[in-house]
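Engineer: For 206-301, 331-426, 432-525, 531-625, 633-731, the entry in TrEMBL reads domain 'Fibronectin type-III'. If you look up TrEMBL, you'll see 410-439 marked as region 'Disordered'. The feature domain 'Ig-like' is assigned by TrEMBL to 1112-1201.
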Amino acid sequence: MPAFMATRPPGHRGSPSTNPVQCNLFVLLSRLEFGRNCHNSAPMTFVDFKSFCFLYGQLFLKLLFVKSLSCIFLCLQVEKKATAHIKYLERLSQKVPDFPIPLRAHTVWEGMTVQLCCTVQGCPPPKVFPCLPFFLFHFPGVQLHQSSAVDIKAVDNEASITLRAAHKEHEGVYMARLKTWDTIQEHSAFVYITDASAAVLGGPASPLSVQVCDVNKDYVFLTWQPPSADGESPVQGYYVERCDLGQGEWVRCNVHIQKMCHYPVFGLKEGTTYQFRVRAVNRAGAGRPSKATEPVITADPLEQTRAMVHRGRTITITKDELEGQVKAPLPPTNVHACEVSDTYVVLSWTEPDPRGREPLSFYVERSLAGKSSWELASLDMVVNSPRFPVFDLAKGKKYCFRVRSVNKYGVSDPSEPSETVSLGKPQAAPAPPHSPMAVRDTDTSVLLQWQEPKEKDDILGYYLYYSETGEQDWKTVNNKPLTHTRFIVHGLENRKEYVFRVKSVSQAGNSNYSEESQPILVKSAIYVPSAPSAIALLLCTGLEMVLGWRGPLCHGGDPVRGYYLDQREEGMKTWREVNVKPVKERTLRVCNLSSGHFYQFRVFAANMAGVGKPSEASEGFLCEKWTMPEPGCPYDLASREVRDDALVLLWAAPLYEGRSPVTGYFLEVSQGDQSDSWMSLNDNPICETHYQVSGLQAGQTYRFRVSAVNEAGMGFASLPTEPVTAQTTPGTKEIEIGVDDDGFIFLGYEANEVNDESEFLWSKNYTEPIDAVRARTETKENRSVLTFTDPSEEDLGLYAVEMSDNANLSSSYDFTAKVIALKSGWQVEVSEEGDVRLWLQTEGLSDAAELRLIFNDREISSTPHRKINLDKAKGLVEILFDQLAAEDEGSYTAQLRDGRAKNQFTLVFVDQKFRQTLALADAKRRDHQRKAGPYFQEFLSWSINDDCELVIKCKVHTFYLIYLLMIKKKLLYIAKETLYVKYDIIYCILRSDAFCVSTALSAGPLSIQSTAVGFKLCCSFKYYISHLKTSWYFKDKRIEQEARTKTGSSMQMVWIEILNPTKNDIGKYTLEMFDGKETHKRFLDLSEQDKKIFYSGYQQSCCFLFFVSDRAKVTKGLPDVVAIREDKSLCLTCFIEGEPAPEILWLHNDKEIFNQAQFTITKEPKCSTITVNNVKTEYSGKYSIFVRNQYGCETVDVTVSVYKHGEKPPANAVEMGL
């Protein structure tokens, strides 16, 4: 190896190169250098020079390739950073599944269908299944499953539950629960079930929660809860009803009203399926029944205890079958009272053991305490189960009871007597709650709290009531007792004042009302704001970071007053405060950071109520100085003025501009909540930091993002906005512009929702504050006005306003040079006198408005020939010409000025338009002048009077007429005596019987029509006059006017109507018409075999004419007026005819009577009877029987007058009573 290969080239501070190309090149360069300086060295040959060029070229290509690789590596690094940033933005937009559309409170009528829906949202989009992780729960935590009454559906991210035929028992809180990997999201809604309409006017609502317990062979025990609404009077008690499902008929169980909310039902059939329900009763009557219980089968509850089990299998042999040796039964044991009330006692005992194979029944005996005489308490009742209610006990006395067993072999000895038993004291109604207090909750609800009474053992719950302050119109909040002492009352009106009161509920009934709460104004309560979100890095200098974030979705009823920021190094657990004092802006510079370290941050929002929950921790941000040439991302994106088809997007410029200033912005939109598809909104960059997005679809949801651009290119996109639905809020109003009475231009805005803390925030171009010198703002209630004190070109621009506590209430107006708005342009009118009026109308003007009228380039004013008027209040400009002339042709320009507002309007009144107007005005003027002398106001007309005379008449302005001529093939002179004048009307009378003759000859054939009460015979004429005498005949006998016939006529027809026809009305009908000289006839023969069929041309349906003796009618039975004394029973009977058998309805004061306790209705094919038991004065009024079938109907009324003891019945009434 040559010696110089072991040495380093001059100036080289590295190790010898190991690259062969570089080594050979160094050898050649050394030889070239030594050849110049050392004569002893061999010079470079041509071959060496070629090798040098070849090696140098290889080295150049090598270096070029290395440089290319460096560029590619740099691009890959940039792309990697961009991808990481995009993934970071996507992670920021990801959300744990939540409820963007939660359940909401519902109020429905009893018996209606209820549907609750909710939507689950997250990123990526979650799916909801009827099974885990999504459930629907019903308060107090019982999971609902699919059934005939409950329908649960889940499609994609939506879930719903449907309750069919809701009852008051279904009232309560329904909860939707969503389980995620690390948490549970819940939303709940209260479903209010409102009572259906009362069965009787003023009647009570239905009881609820009817429960069946202690089921035996012939006995069950019922309990229920009282209703919340008493009706017009307090509830007096209850009726219990049962239904044997095999028969399907409801039967009342108790004769007397049961006051307590429990009752023993005795006398049932063993092995029968029953349902039970309860009705509340007050002075108005019995209310609607409660929801029926689930079907219950009466059976021996101890039957299963006597079954024999052998080796894991149940054998159907019972102990009774093994006790066949027992003949005469043994006495029962343990006789005692299991239920004691103030009206009854329920006895219970234990069957004898052994009881024998034969079926057992029991005799119950009783005796006064201390007496030895016993009497049968069960009388003729068969007692099959060891339960027996005793109702006929005397209050204040003590009794003993004993029981005997009975089978077919005989009667057992009596059991041991029970302990002394007596009726209990009446259970008192519960004490009312106290200290109700209402607290603000939302703008439509309040939180109501109260204190329970001291004696609370028997209380089942509470009923709540509310009324507007001072109205005393109390409404029920809940129809199912609440078991807690606090409740959120929904459905109230915002900004209205309410008071509340509460009742306690027990089985003894409802308590009195508590005292009223203090009045409360319904508006949102103040609570801490929700957590901020979407923390983003806006700028990094290597030692400092500038962070931005999105404000909380809910500000808690009070504006956010500031934010607090915490930081920590990634991987650490301890958070450190960044700022002690809150910052109002949603950006903050964090200092004293270490370069190359990763940091995480979180943000708190605070208002007057306190500091809210922290945001989620941000991703770890690398503290490294930004040197990229493109700008950073814009921030603080917000939407304003959201409408059905447009909105305004606002943002802040990026804090990092890159190597050159930002030249504009590009906007992108994504349709849907979590769509990854983005579409550009603008082709050219936007210079402003606001943009109106148009062309949206109403009801669709959108997200937006913005990217800044400079000379180096486009930077990173901003974080997407929250999803925005394109929908105009009901009641939204826009900014209006006008001129006040002082001539000042103003902008006015009216908000539909305003709180005491609300402020109107005005701005110019969305960023600049309003200059107080150039404009002033005035706010009154829900309206704010921005008035320009001295408007000029400096005031032109885009003005916006929004509410401080609700940015969704916003609007803007582009204030350009003000013009007076035109309502109606120039109009030309010609009056009946020939006067011409030119007019136009603008918006209303102030008193300072001015008008200049220009005619053919010169200003004109009012003259006697041409008057000019200006109505400023209406904005009406008029030019009135008393006689339009040729010199009035030309152009008219109205120049209006009102303060700084102005406009002008021109009418070109020339050529054909002017000539037509001039000709019309002249024609109307001449006609008006003509009418100043005699002229016809009404031209000739004719009519025929009652005497069959032809009357020809006309009306003239001034009477100069001497005679009339009537032309009929020749001229006839009519004498002046046939003329007379009355009220400027000239009458000419021509008498002739020819008119009657022509009328009779024009008569058509008889036709028949059916009516609701019979049929009608008709005859048509071209023109009928009453001078033509008409008569109707049936079977050659004149039909006289009576109750069953009705005649009539019109100008084209005469007719006779037969009411309530029978088969006797079948025969020949004749119409005779006498014209003064001869008689004209028309015939129609109706026979039994030829029943007429005709068609209705409008309905195109075939109708059959029946002589309906089969029509439903009442033949006899009811007088006009009936009198009956109070407390007696009234019986009314009616006899009915009709085929098929009519439907029968009884009515009291035009309302249908149902078969209830007070009324007993019997219906037979030919008669019907209604019995009113124990008549009261309120039963007075009109009673009606209504019968109908397919051929007709009839109603017969009777007036019932109930008089009290000692009073006399009305003189014109028929006195009745049993």
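Using N, Cα and C of the backbone, Cβ positions are placed for all residues, glycine too.
Could you give the neighbours, burial and distances for every feature on this list?
Structural biologist: Residue counts for the domain 'Fibronectin type-III' (206-301) under DSSP, helix first, then strand, then coil, are 0 helix, 48 strand, 48 coil.
DSSP states for the domain 'Fibronectin type-III' (432-525), grouped as helix (H, G, I), strand (E, B) and coil, give 0 helix, 45 strand, 49 coil.
Per-residue pLDDT, averaged along the domain 'Fibronectin type-III' (531-625), amounts to 92 for this model.
Helix, strand and coil content of the domain 'Ig-like' (1112-1201), in residues and according to DSSP, is 3 helix, 55 strand, 32 coil.
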Engineer: Output the single range from 206-301, 331-426, 633-731, 1112-1201 maximising the number of Cβ pairs under 8 Å to the domain 'Fibronectin type-III' (432-525).
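Structural biologist: The stretch I would name here is 206-301.
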Engineer: Can you count helix, strand and coil residues in the domain 'Fibronectin type-III' (331-426) using DSSP?
Structural biologist: 0 helix, 41 strand, 55 coil
Engineer: Summarise the domain 'Fibronectin type-III' (531-625) by DSSP state, stating how many residues are helix, strand and coil.
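Structural biologist: Tallying H, G and I as helix, E and B as strand, the rest coil: 0 helix, 43 strand, 52 coil.
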